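Taking it in order: structure first as structure tokens, then the write-up.
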């Protein structure tokens, strides 16, 4: 009996332990499920608060516009909106237009454009207070000019979300340096604009504020990451905007939306470059014409900025270089050998070359060396040197936007699995382009010296090259990071670069696109063909480049392209 009782006790103990273990496991599982549910609820509440703030700001802005219109029926918003920045500035200075009339005209247009395109994240209602005291800045170069700013620009009391949930409910303690300088120069930052989630993408959608549409075709993306800026200015809701560019984030939206954009030399304007240093970000302007970009640069390159940020070299804007009429020696290439341009891109380059030659400039063939090497070994491995931990960390706590899904999925794979996929992808992509799932870091100094040596050998002043376009169909940018070779190369090299719209997609371009095969005839080339199809009527741009610190020369070249294009159609 004793032995039987002993076995009973063992069985009872085992059953008890199993019950405890089962209960513990169930409790732990339940706790995990609860934490996920709780986290989801917190994320949803964050998004709801952000949307509520936006809606409140839009409603108050609409009320302010209606009040002004009722009390100033003589104001002609259409006339004001039709003026160039130069003409608008002149009328504000001589008093034939008031800052109040200009501000409310653009605020009303912004509300209308945002209703169609969803390009704004918040109206900066503090701008109404700034407007009350604007005459204290009457000597400013941008006196009375409403200016839109990209979501990531710090504006006191407002979030800079970068399209990710972890940056919600973290209002900036102070204005950024450039926002302070804009205000000192009489500009009125009045609205923040939308970006893609994490901003390392050239689409424009996030789980907080949704997707932004292209002003020329709602089936197309406005580009990114300054996509809200491109859409708002391209749609007529802003005359001047401030964006940022780490791989084409100013230039691509400008190209897709049919406006001008300029990426200065890194540190020509005050910025905040944290994290990886292989490919650096620049802050710069977007506008409808090149003279507006130049005025923006002139206004910011002032003693006040150099005082606020002593790390910026105190180099004022060189008006003499910008206004020069000296003939230029211009390098050009139609295909970088990595991503074959669309038919409309190639045609835009060729037509611009002919116009520049007719204007008396010398055009010289130029081949950027080893673009595939630069993309794989310097750009991708540099940006992803941390194994994409930073960008993945910012994505935690919320859903991944559809426009970013194809790009983010490979980042989250284990390193061993990335290498396996890289091997498996080789049969269906080009020999070099399976880089998309690997990472690392190498120095770019030698490559930069190699490019500049070729530049000097050709005795170039500036460089003309294709610009990504026309606008892609929604959700394709994440699948086609390889096509940014035309823009990100000049972030890697730290060459100033800008874009100027020169033509639109024709029916003949669309027909030629049907026969497009690309440089490699691989998966990326096939996706690219799908991305840009159905683009008839969309704007197409070219890209203008100069050597570092020759920003005024780059802008002068952009103005030359713009002037010759306008003369062709007049």
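Note that Cβ sites are derived from N, Cα and C of the backbone, with glycine treated the same way.
According to TrEMBL, the feature active site, charge relay system maps to 150, 225. According to TrEMBL, the feature active site, acyl-ester intermediate maps to 249. If you look up TrEMBL, you'll see 199, 225, 246, 247, 248, 249 marked as substrate binding site. Residues or ranges marked as domain 'Amidase' by TrEMBL: 104-555. TrEMBL lists 20-39 with the feature transmembrane segment.
Taking the Cβ of residue 246 (substrate binding site) as reference, residues of its chain lying under 8 Å away and at least six apart in sequence are, in sequence order, 199, 200, 225, 279, 280, 281, 282, 488, 491. Each residue contributes its Cα atom, and for residue 150 (active site, charge relay system) and residue 248 (substrate binding site) these two points are 14 Å apart. Of the listed binding-site residues, namely 247, 248, the sparsest Cβ surroundings within 10 Å are found at 247.
Max Cα-Cα distance over the annotated substrate binders (199, 225, 246, 247, 248, 249) is 11 Å. Counted within 10 Å of its Cβ, the other Cβ atoms near residue 249 (active site, acyl-ester intermediate) come to 35, all protein chains included.
In sequence order, 200, 201, 202, 224, 226, 244, 245, 250, 252, 281 are the residues of the same chain, not among 199, 225, 246, 247, 248, 249, whose CB sits within 8 A of the CB centroid for the substrate site.
Regional average pLDDT for the domain 'Amidase' (104-555) in the model is 92. Every protein chain shown contributes to the tally, and the Cβ of residue 199 (substrate binding site) ends up with 27 other Cβ atoms within 10 Å.
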